[in-house]
Amino acid sequence: MLVLGIESSCDETGLALYDTGAGLLAHALHSQIAMHRDYGGVVPELASRDHIRRVLPLLEQVLADAGRTRQDIDAIAFTQGPGLAGALLVGASVANALGFALNVPMVGVHHLEGHLLSPLLTREPPPFPFVALLVSGGHTQLMEVRGIGDYTLLGETLDDAAGEAFDKTAKLLGLGYPGGPEVSRLAEFGIPGAFALPRPMLHSGNLDFSFAGLKTAVLTQTRKLANTCEQDRANLARAFVDAIVDVLAAKSMAALKQTGHKRLVVAGGVGANRQLRERLDQMGKQRKIDVYYPDLAFCTDNGAMIAFAGAMRLQAAPELARHEYGYGVTPRWDLADIRLPSAA
């Protein structure tokens, strides 16, 4: 079964072709970072318009790269939500039109499920069950994953997500957009321990997160340093990253202990952070925990994860395949709502 995946939930247009027999055949991505940089964040209307311009050329690109035609497509998976409504509608509209024209079934994919399953695209995918640390954009969650469509929320952020804290800290430090990679790069030059920042909810006794207080602590420090030199900024960035990593790593290990699982999967944009990977690898080795990550190319939003997640859902529940071409979008969508009947 050849599945076309379409991702357009925010500021990346991603398309991919995944074959359930041969694996990932082709994927293409256009990032809008340069377009939004002048605004310091994503402008929804501009994002939607750019998706319109990019999606069909990217479709032709992945077909050419895979040596396939539109008529070879057996099913279409698209990001139904969550995300920016206008951006999601672009992908949904193209998916509906293609599905109708080709008379192939469609399946709407939860964006976070795409991230959750992206490490399964690696050469050595993790077997079920496992604990997943999902740190993508506006989401920070710990999930117990027992199979496709069988997910249990263990803990989540009560306010800012880790990615949002990175972006806001970048602005406080006068860094560019996107903030996460900029903060991480600057932190490489920082001196450990130069600033003392809190580790919110580190000892809360549950698996929830909170990063709003950490952001406020960074703001307080920047105000104290009216004439911040480059080394001070690097030191503060290092203190911030260390605090985030400490909390994410500790909560992940607590989730593994609570569930009894020995495998941890890390997914989402923050999952590309080098310091976080090194800490989790170190702690995993000490505790005999296997830690898995997606390829760096698939940490950010992409079409490959949507094609793969759609293919896995169609294999697990063929009844999801719909020849109805009026699919809408779900900008706000709880991951618990996509539980498959077989997982009940």
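Each position is counted from 1, following the chain as shown.
From the backbone N, Cα and C atoms, a Cβ is placed for every residue, glycine too.
Per Swiss-Prot, Fe cation binding site is recorded for His111, His115, Asp301. Remark: Asp301 (Fe cation binding site) has Glu7, Ser9, Cys10, Asp11, Glu12, Gly14, His111 as non-local neighbours, by Cβ distance under 8 Å and separation of at least 6 in sequence.
Residues or ranges marked as substrate binding site in Swiss-Prot (evidence: sequence analysis): Leu134, Val135, Ser136, Gly137, Gly138, Asp167, Gly180, Asn273. Around Leu134 (substrate binding site), the same-chain residues at least 6 positions away in sequence with a Cβ under 8 Å from its Cβ are Leu112, His115, Leu116, Thr140, Gln141, Leu142, Met143, Ala267, Gly268. In the three-state DSSP scheme, Leu134 (substrate binding site) falls into the strand class.
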Fewest-neighbour residue among binding-site residues, criterion Cβ within 10 Å, set Gly137, Gly138, Gly180: Gly138
Cβ-centroid neighbours of Fe cation site His111, His115, Asp301, 8 Å, sequence order: Glu7, Ser9, Thr79, Leu112, Gly114, Ser136, Gly137, Gly268, Asn302, Met305, Ile306
Number of other Cβ atoms within 10 Å of the Cβ of Asn273 (substrate binding site) across all protein chains: 25
